[in-house]
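K.L.:
This structure is in C-alpha cells; I'll ask about it shortly.
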Ligand code: GLN
Ligand code: ZN
C-alpha cells in the first residue's frame with residue numbers, strides 16, 4: 001500500500017513566498033534572492049513529504065505565481081505583446097500575471113479567473129499564434145532534478161493537455177484548431193525529455209474531466225491521449241482528476257493505455273458508482289482521493305477505511321491520495337498557538353494531512369497496530385460536540401422554507417413605496433461599500449487587537465474616518481452614501497468574529513491568487529448572533545448626513561463559502577443558521593432607521609457546482625438563505641445586494657428569486673453578455689452594473705463612463721438603473737477614488753439632463 005499527494009501549499013508557513021515576491025516587485029530584492037528562497041521552500045516541503053513517508057512526492061507544484069501560467073510559459077503560449085516588451089524571462093512571466101508599466105512599454109495583465117469552484121484564481125493563458133507553441137521552458141525539469149538531488153524520486157505534475165487546452169483563450173477559431181497539433185507535439189517532447197531523465201511517473205492533472213462534457217469534447221480528450229500515450233516510452237502515466245466525478249469520460253479513460261487514474265472520492269461521490277457500473281482494471285493503479293484537500297477537519301478513519309474497502313472490491317491496486325492539491329488548505333496547525341488544544345485537536349492542515357495519509361497506510365497494512373483503540377480515539381474526537389448544541393437555532397431552521405420566506409408585498413409595489421420615501425433622481429449614484437483601507441486604518445485595527453489602545457480610542461478613530469468619508473462623498477455628490485467599512489478587516493472575518501460558532505486562526509493562510517492570501521474562518525459550532533454588529537456605526541454614519549447612508553452586511557452564502565465549513569451538518573443547515581443571525585441584524589438596522597440595507601453575496605456564484613445536475617440543490621438553499629435574511633423587513637426598506645464575479649447568465653432566474661430591490665455587480669469586463677441575459681429574462685430587480693473596473697488604478701473619463709451608461713440605457717428603462725463602480729474601493733487610494741467617482745457623478749448628471757431634454 002502506497003500513498004500520494006497531488007500538490008502541496010507553496011507560500012510557506014508564514015507567507016514567505018508572498019513577501020519575497022512582493023519585495024521583488026518593488027525592486028527590493030533580486031532574482032537570485034527570489035530563486036534562493038524558492039529553493040529553500042521546495043526543499044522544506046519535500047522534506048515534510050518525505051518524513052511523513054509519502055511515496056508519490058510531487059514536483060513542479062511549486063510556482064512563483066500560478067501553475068497555469070507556468071504551463072503556458074513552458075509551452076510558449078505567450079501572447080506576442082508580452083514578448084515585444086523584451087524583458088528577461090522572469091519579468092515577462094510577471095508581466096503576464098500582473099501587467100507591466102515601465103520603460104519597455106505598457107501592457108495590461110492577462111485575465112484572472114476562478115479555478116473551478118475554489119477561491120484560487122489562475123491566470124488565463126492567451127494564444128495569438130499557434131505556430132510558436134513548443135516545449136521551450138525548463139522549470140519542470142529543473143524541479144525534477146532538484147528533487148532527485150535530494151534523494152527523492154518525484155512525480156512531476158503538470159496540467160494535462162486536455163485541461164490546459166480548454167483553459168487557453170485563443171485569438172480565433174483558426175488559431176485554436178492549429179494549436180491542437182502543435183500542443184500535442186510539445187507534450188510529446190515533454191514525454192521524451194522525461195524519458196531521457198528516467199522519470200518513473202508523470203502526472204497529468206485533468207480537472208476539466210469533472211465538467212459535463214459533450215461528444216466533441218470527449219473526442220478531443222480521446223484524440224489527444226490516444227496519440228500522446230503512444231509516446232510514453234518507459235514512463236508510467238497517471239491521469240489525475242479532482243473536484244468531482246468523471247462520469248462522462250470514465251469509459252473513455254478506461255480504454256486508454258495509462259498506468260494510473262486519480263479519482264476524487266470526497267467531492268466526487270459518484271465515482272464509486274462508476275467503479276460499480278464499469279469496473280476498473282486489475283493491473284492498473286487507482287489513486288484514491290480519500291483525504292479532503294479542501295477542508296481542515298480531521299479525517300474520519302473508520303468511514304474512510306470502509307470506503308477504501310469498498311473501492312478495493314473493484315480496484316485491487318490502490319494508492320491512497322489527497323482528493324485534490326493541498327494548495328487549498330493552510331500549511332500547518334503547528335503555528336497556531338492561540339487556539340485552544342481542545343479545538344486544534346480536531347484539525348488537519350496540509351502537513352497534518354500527510355500524517356493522516358501515513359496513518360491510514362499503517363492502519364491498512366500493519367498487523368500489530370491496535371486498530372480498535374485507534375478508531376475509538378478518533379471517533380471520540382470527532383464526536384466531541386463542544387458548542388454544537390444550540391437547540392433553539394437547530395429548531396428554528398427546520399421551520400424555514402421557500403414558501404414561508406417570501407417578502408410581501410411584491411417588488412413593483414415596494415418600488416413605488418420606497419421611491420416615495422427615498423426620492424432619488426434617475427440614475428442614482430452610489431458605491432459598493434468600502435473606502436480605501438489606508439495604513440492608518442489598518443494600524444488602528446491592529447493596535448486595538450493587540451490591546452494597545454482601548455475601545456474608546458479605537459471607536460472614535462473609526463467615527464472620525466466615517467465622518468470624513470461621508471463628507472468626501474457629499475462633496476463628490478453621490479446620491480446614496482456608505483460608511484466606508486473601516487472597522488472591517490475582511491467582509492467575512494468581521495461578521496464571523498461577531499457571531500457565535502466561528503473560530504479564527506493566526507497563520508492559516510491560503511493562496512487566493514499570486515501573492516494574495518486569505519485566512520478563512522472556521523465554522524465550528526452552531527451559529528447565532530451574540531449582539532448587534534453593525535448598528536452603532538450605521539446609526540452614527542446616518543446621523544452625519546441628510547442623504548441616505550446604506551447599512552452594509554455580508555450575506556450568509558458568502559460567509560459560508562469563504563469559511564471552512566463544518567462536516568457534521570450540511571452546508572444547507574449552516575447557511576440557514578447564519579441567515580437567521582443576519583436576519584436579526586437586518587431587522588435591528590431597520591429599527592434603527594436605516595432605509596437602505598445592502599446584503600453582499602459576493603461569493604454566491606463561486607460555489608455553483610461544476611455539474612449542472614447539482615445546481616438545483618445548491619441554488620435551493622443558497623437563495624432560501626438569502627431570502628431568510630430580508631423577508632421580514634417592511635415594504636419601505638430597500639434591500640440591495642452585490643455580487644462579484646457575475647458570470648451568472650445561466651442562473652439569472654434564481655438571482656431574480658433572491659427578491660432584492662437592487663443588485664449591483666462586477667461586470668465591467670463582461671458587461672454586454674450579462675446585460676443581454678438580464679434583458680432576455682425580463683429581470684425584475686433594479687440593477688447597478690459596475691461602470692468601471694476598481695481592480696485597476698486607471699481613472700475612467702467622463703465620456704468613457706457616459707458611453708458605458710448609454711449602453712445600459714439602450715437595454716433598460718432609465719428608472720431601473722443605478723450607477724456605481726463594480727466592487728468595493730478598499731484596495732484603491734483616495735486620489736484614484738475621488739477622481740473616478742467625480743467623473744462617475746458627472747457622467748450621471750449629464751445623462752440625466754440629456755434624458756430630461758429628450
Ligand atoms: N461591501 C464590500 C466592499 O465594498 C463588498 C466587497 C466584495 O464584493 N468583495 O468591500
Ligand atoms: Zn464585489
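Positions of Cβ are set from backbone N, Cα and C atoms, glycine also.
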K.L.:
Kindly point out which candidate in 173, 468, 606 is recorded by TrEMBL as part of the 5-methyltetrahydropteroyltri-L-glutamate site with 15, 16, 17, 18, 114, 119, 516, 517, 562.
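P.N.:
As annotated by TrEMBL, 15, 16, 17, 18, 114, 119, 516, 517, 562 share the 5-methyltetrahydropteroyltri-L-glutamate site with 606, chosen from 173, 468, 606.
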K.L.:
Of the candidates 485, 487, 654, which one does TrEMBL list alongside 432, 433, 434, 600 as binding L-homocysteine?
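P.N.:
Of the residues offered, the record points to 485.
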K.L.:
Just to be sure I understand the packing, how many Cβ atoms besides its own are within 10 Å of the Cβ of residue 695 (active site, proton donor)?
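P.N.:
A 10 Å sphere around the Cβ of residue 695 (active site, proton donor) contains 15 other Cβ atoms.
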K.L.:
Please list residues from the chain of residue 562 (5-methyltetrahydropteroyltri-L-glutamate binding site) whose Cβ is under 8 angstroms from its Cβ, counting only those at least six apart in sequence.
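P.N.:
When sequence neighbours closer than 6 are ignored, residue 562 (5-methyltetrahydropteroyltri-L-glutamate binding site) has 119, 492, 518, 520, 603 within Cβ distance under 8 Å.
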K.L.:
Out of 15, 114, 516, 642, which of these binding-site residues shows the lowest number of other CB atoms within 10 Å of its CB?
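P.N.:
Per-residue Cβ counts within 10 Å for the binding-site residues 15, 114, 516, 642 bottom out at 516.
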K.L.:
Where the distance is taken from Cα to Cα, which of the binding-site residues 15, 114, 516, 644, 727 turns out closest to residue 434 (L-homocysteine binding site)?
P.N.:
727
K.L.:
For the C-alpha pair, I'd like the distance in angstrom between residue 644 (Zn(2+) binding site) and residue 695 (active site, proton donor), rounded off.
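P.N.:
Roughly 12 Å, rounded to the nearest whole number.
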K.L.:
Within its own chain, what residues at least 6 apart in sequence put their Cβ under 8 Å from the Cβ of residue 485 (L-homocysteine binding site), listed in sequence order?
P.N.:
433, 434, 435, 491, 552, 728, 730
K.L.:
Filter the binding-site residues 15, 17, 114, 516, 642, 727 down to those whose C-alpha lies within 10 angstroms of the C-alpha of residue 695 (active site, proton donor); answer none if the list is empty.
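P.N.:
Hits: 727.
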K.L.:
For residue 114 (5-methyltetrahydropteroyltri-L-glutamate binding site), which of the binding-site residues 432, 600, 642, 666, 727 has the nearest Cα in space?
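P.N.:
If we rank 432, 600, 642, 666, 727 by Cα distance to residue 114 (5-methyltetrahydropteroyltri-L-glutamate binding site), first place goes to 666.
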